[in-house]
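Chemist: Sharing a structure, written as structure tokens. Questions coming.
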Amino acid sequence: MTRIENILNPLRDPRDKRLPRVAGPCVLVLFGVTGDLARKKLLPAIYDLANRGLLPPGFAVVGFARRDWEHQDFRQLAHDAVKEHARTPFREEVWNQLSEGIHFVPGTFDDDAAFEQLATAVKELDVKRGTGGNYAFYLSIPPKFFQDVVKQLQRSGLSKPSEGSWRRVVIEKPFGHDLASARELNEILHEVFPEESIFRIDHYLGKETVQNILALRFANTLYEPIWNRSYVDHVQITMAEDIGIGGRAGYFDGIGAARDVIQNHLLQLLALTAMEEPVSFEAESVRAEKAKILSAVRLPADLDTYSVRGQYAAGWQGGVKVPGFREEEGISPGSRTDTYAAMRLDIDTRRWAGVPFYLRTGKRLARRATEVALMFQRAPHLPFAQTDTEELGQNALVIRVQPDEGVTLRFGSKVPGTSMEVRDVNMDFDYGESFTESSPEAYERLLLDVLIGDPPLFPRQEEVELSWRILDPVEEYWDKHGAPESYPSGSWGPKAADEMMARDGRAWRRL
Ligand code: BG6
């Protein structure tokens, strides 16, 4: 049996890890197909999955948008998106097979007739392509439209599975803009879909390097003994971006960096780094451990010192002059939105008592880098001359999430020569060098998991609410206390962020 035949063999043992996980027959309905996410990530990821043989012949994509389009127009958009953004090489035969299953239904979210048409279209696909009556609805649309779409899915009967089939709904962060709105959103979804059918996407959880945090921690004996307050001095979680807000003014203004990525990506990184070992990698076990650690997070009493927000001003980046946030198209000149946010969080557990977790994120910083760095305590005694260890820093274990995916261990080493000079050196594990296969994009993994119905990588509502509980007081404090500090584009953010670390006798890692 060839590999492909084996993949498609319905009698294969799904627990057989030698075989790739493959989606069963289904239709993926995409709302918001003209948006950036669909073009840059979702459509290319669908193609990449098809190219890797992970989608069945009985698969179809239906786009829904307010466009006067024929199927062919949407196919063309998908074709261009795939050519420009897919990770794997373009293969005509894969594209042809996939594109036959690409359909389009024009309409607006308040148009009952359009949803009737959508219902007819997916039923026809069930017959024509054998999609088995299984539908996943991907809401790649602004959250203010979630309610309309979910209600329409209910009204048109699309949300109700027939015997033996499934329905799933996929939503993208932000899940609300605070605790209250997150709860409202959840209620709206729950009126129509049961919890197990709701897939909340935090694309960081689809990244290989993020999943590797669990492998690193729980597949090895090396790290566990030092992964605690006895050895770790503090943890730094950084998500630095060199880009500005691009064309996303409408979304970003008023939301800000903390709501955009700390509430979700960075707190998820914190949870994976700090949580206890789950009893298994079943969704409920992993989510329960994450929820436990998020509920143990404590905000500092002094938010004035230990929370910082900034906003980028004009500056130079990569030799190019770039405008400040308030000069970006679509941003009001008096905007107080944060494009940089940093804060100290403590975790009240036996493992982490007294070990601060410092989080920072920002747009238009000096370079793009996301990492989790465990900074270890200094040796209690150094039997060297003081001048020999001047260049010796703290030992560090750095999980490089992107762009240079890997892990670095930093420790002191003797400098060759006649004296006993000790200096920091790095030992690197690099994904690109250790594995021949390039890492799949986060959306490939997550889309496949939705189609298979595999939930461990999707945060559940409890985690969403716990994360808002952490962030809401900070946002409220910021609301009442002036404007963000400005920092030049291309720098490492506002001075207050360095001062925050200096107050604790620490410094941000230089990236
Ligand atoms: C998104 C944020 O969730 O993540 C964006 O909304 C940010 O503002 C993006 O730019 C970064 O994603 P990545 O995968 O490039 O780190």
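Glycine residues also receive a Cβ, built from the backbone N, Cα and C atoms like all the rest.
Note that the structure is a prediction, hence the values are computed from the model and not measured.
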Chemist: What does TrEMBL list, out of Asp178, Asp260, Asp346, Asp348, as binding the same substrate as His203, Lys207, Glu241, Lys363?
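Modeler: For substrate, TrEMBL names His203, Lys207, Glu241, Lys363; of Asp178, Asp260, Asp346, Asp348, the listed one is Asp260.
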Chemist: With an 8 Å cut-off on Cβ-Cβ distance and a minimum sequence separation of at least 6, pull the same-chain contacts of His203 (substrate binding site), or say none.
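Modeler: Counting only residues 6 or more apart in sequence, the Cβ neighbours of His203 (substrate binding site) under 8 Å are Lys41, Ala442, Tyr443, Leu446.
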Chemist: Say you check the Cα of Glu241 (substrate binding site) against those of the recorded positions Arg66, Lys173, His265; which is nearest?
Modeler: His265
Chemist: Taking 10 A as the limit, how many CB atoms besides its own sit near the CB of Glu241 (substrate binding site)?
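Modeler: So the number of other Cβ atoms within 10 Å of Glu241 (substrate binding site) is 19.
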Chemist: Which of Lys173, Lys363 has the fewest nearby Cβ atoms, counting only those within 10 Å, among these binding-site residues?
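Modeler: Checked Lys173, Lys363; of these binding-site residues, fewest Cβ neighbours within 10 Å: Lys173.
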Chemist: Give the maximum pairwise CA distance in Å, whole number, for the residues His203, Lys207, Glu241, Asp260, Lys363 listed as binding substrate.
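Modeler: 20 Å is the greatest Cα spacing among the residues binding substrate.
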Chemist: Taking Cα-Cα distance, which of the binding-site residues Lys207, Asp260, Lys363 are within 10 Å of Lys173 (NADP(+) binding site)?
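Modeler: Among Lys207, Asp260, Lys363, the ones whose Cα sits within 10 Å of that of Lys173 (NADP(+) binding site) are Asp260.
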Chemist: For ligand 1, pick out the binding-site residues Arg66, Lys207, Asp260, Lys363 that have a CB under 6 angstroms away from one of its atoms.
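Modeler: Asp260, by Cβ distance under 6 Å.
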